[in-house]
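Trainee: Mind looking over this structure? Questions follow.
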Amino acid sequence: MSDGDILRSTFPSYMAEGERLYLCGEFTKAIQSFTNALHLQSGDKNCLVARSKCYLKMGDLEKSLNDAEASLRNDPTFCKGILQKAETLYTMGDFEFALVFYHRGYKLRPDREFKVGIQKAQEAINNSVGSPSSIKLENKGDLSFLSKQAESKKAQQKHLPIKQLSYSTKHEIKRKGSLKSEKTVRQLLGELYVDKEYLEKLLLDEDLIKGTIKSGLTVEDLIMTGINYLDTRSNFWRQQKPIYARERDRKLMQEKWLRDRKRSPSQTAHYILKSLEDIDMLLTSGSADGSLQKAEKVLKKVLEWNQEEVPNKDELVGNLYSCIGNAQIELGQMVAALQSHRKDLEIAKEHDLPDAKSRALDNIGRVFARVGKFQQAIDTWEEKIPLAKTTLEKTWLFHEIGRCYLELDQAWQAQSYGEKSQQYAEEEGDLEWQLNASVLVAQAQVKLRDFESAVNNFEKALERAKLVHNNEAQQAIISALDDANKGIIEELKKTNYREILREKAERQDIMSQMDLQGASEKEPLRGREEQERVVKQWERDQESEREATDDEQDRKSSGGLSKKLLGDGHSSNLGIRRESREIYRRLSDYSSHLPSEDGSQKQEKKQAEAAKGEVQKLEKTKEE
């Protein structure tokens, strides 16, 4: 990879791209993306685990194991790395070593993945005990995991008295063991029995067992830890029984053939049972292509047989179609997988096989959900509801239906099914499903903007996550809780903002009304003030005229003017008074005809100016 390629993107971008390609089944491209990410951030344990998963899907088991071990190099307690190493070892056929790491991870964090891993590893070991040649266990002679286990428990084992861990001879070890014979021990341990013998021989070397290792433990303590572990595992494997339904179904099928034919299983029956085991083993080990080819080959042969040779031929054919469909899902052949599972469903309906019908509906719903057709998945799974028998099955079913409704943004239905799943999970007492159901309900309530209820359910989910020690779920829930709380704050802000806007609008309306009322009251007031000012000016002018007239009359009387002139002067004075009265009358009319509350101030101004003009005119006339 060139420097230019490295700089073109970032570590999170390559990680996201790799995860998307992994989900799409493009494992080669996903590996390249994860490799690019590791160039940017060397040794990132999450990236190494992600690339290991891709190698495992492609069947490159050595590279898958190398990446898983590399993820544990700096942090031996990294649970994802432990789980991935266990899965890789299981796929490689090292069931005992896989079981060791499943148990180690379960002690660190009791998650469902480790629990299921323990169960399937136990079943694989039990299935191999009957015929050890069916599974080849690789005897690497590497007991380093025992020393690591001892070192990790230094605080607990360091101060234990050696007498509690020691046995004097090889014969005492055998007497203390719970197994009845060496033959049984050899059969249960398989090729690990060689390691047990080797450890027992080491105990005979007195000089060796007195030595100590860096952690402070003696070699004898370390050897006895390994022997005790193998003894415990032997008892455990001997007592355990197969748990998966497929094993029970195969045995029930064999018993049915025995009842129908009333004779020992024929070569045909052995062939079918062995073939079903091989098909299932190939699929679980990551070889979906091999599983598909095997199932198609067996189906072709079974279809050639008659009903007498295989009494439950129809049930077997449906089972094979189901196996073919499951392999096609893993290969990404969704259309073909849907056809195969529908054939399984048709056979189940035709021959009234409720368990087979439930299985087919389950698988058809899975196909629809994988391709994003959530409504069809809902319809299919809702048809399966009456066939669900156990509380745990109902819990899972309602959760998946609710998840599909959530994907369709139908939050009410998602909440309803989530609450049903929550109820059945509580009845079952399964903390993992209580966690899943609570998260589903909370997510639906967030979409419904019921943030308060969502916070309550997220808090409930957080409690369950703490109880099952799921740190990743805790972090995700805490983040979702923060978002829900922010949603509550935003809702409060929006509510307050709407209240503020409404109050502001109301205040503006009130102020506008007050302004209009004040303006209307001021307009006539201005008119009256102007009128009074003009009238007062006119009265002052009249007073001046009267004084001037009186002075003139006095002068004329003293000057011996004629009566005619006196009469003319009086007439002139009367004329002036008439004009004054006319002006006063016009002013009175003006006062009575003042504009109403909605009149304009400009018009009042013009009328006042006109009145002033009349007064000035009168003054000029008087002077003349």
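Note: Cβ is positioned from N, Cα and C throughout, glycine not excepted.
Look at Swiss-Prot and you will find 520-557, 576-588, 595-624 tagged as compositional bias 'Basic and acidic residues'. Swiss-Prot lists 511-624 with the feature region 'Disordered'. Per Swiss-Prot, repeat 'TPR 1' is recorded for 11-44. Look at Swiss-Prot and you will find 46-78 tagged as repeat 'TPR 2'. Positions annotated as repeat 'TPR 3' by Swiss-Prot: 79-112. Annotation comment: Swiss-Prot describes 273-309 as repeat 'TPR 4'. Annotation source Swiss-Prot lists repeat 'TPR 5' at 318-351, citing sequence analysis. Positions annotated as repeat 'TPR 6' by Swiss-Prot: 358-391. Sequence annotations record features per position, and here Swiss-Prot assigns repeat 'TPR 7' to 395-428 based on sequence analysis. The repeat 'TPR 8' annotation in Swiss-Prot covers 435-468 and is backed by sequence analysis.
How buried are these features, and what lies next to them?
Mentor: Note on the repeat 'TPR 1' (11-44): its mean pLDDT in the predicted model is 89.
Broken down with DSSP, the repeat 'TPR 2' (46-78) shows 24 helix, 0 strand, 9 coil.
According to DSSP, the secondary structure content of the repeat 'TPR 3' (79-112) in residues is 29 helix, 0 strand, 5 coil.
Listed as Cβ neighbours of the repeat 'TPR 5' (318-351) (distance under 8 Å, sequence separation of 6 or more from its ends, same chain) are residues 24-25, 249, 276, 279-280, 283, 288-289, 291-292, 295-296, 298-299, 302, 357, 359-361, 363-364, 366-368, 370-371.
Note on the repeat 'TPR 6' (358-391): residues 318, 322, 325-326, 329, 334, 337-338, 341-342, 344-345, 348, 397, 400-401, 404-405, 407-408, 424, 427-428 of its chain, located 6 or more positions outside it, place their CB under 8 angstroms from a CB of the stretch.
Through the fold, the repeat 'TPR 8' (435-468) approaches residues 110-111, 395, 398-399, 402-403, 405-406, 409, 411-412, 414-415, 417-419, 421-422, 425, 474, 477-478, 480-481, 483-485, 487-488, 491 of its own chain, all at least 6 residues removed from its boundaries and within a Cβ separation under 8 Å.
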Trainee: Determine how many residues of the repeat 'TPR 1' (11-44) DSSP places in helix, in strand and in coil.
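Mentor: Secondary-structure breakdown of the repeat 'TPR 1' (11-44): 27 helix, 0 strand, 7 coil.
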Trainee: Helix, strand, coil: count each for the residues of the repeat 'TPR 5' (318-351), based on DSSP.
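Mentor: Split by secondary structure, the repeat 'TPR 5' (318-351) comes out as 30 helix, 0 strand, 4 coil.
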Trainee: So how many of the residues in the repeat 'TPR 4' (273-309) end up helix, strand or coil by DSSP?
Mentor: 29 helix, 0 strand, 8 coil
Trainee: From the DSSP assignment alone, can you count helix, strand and coil residues within the repeat 'TPR 6' (358-391)?
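Mentor: Residue counts in helix, strand and coil order: 28 helix, 0 strand, 6 coil.
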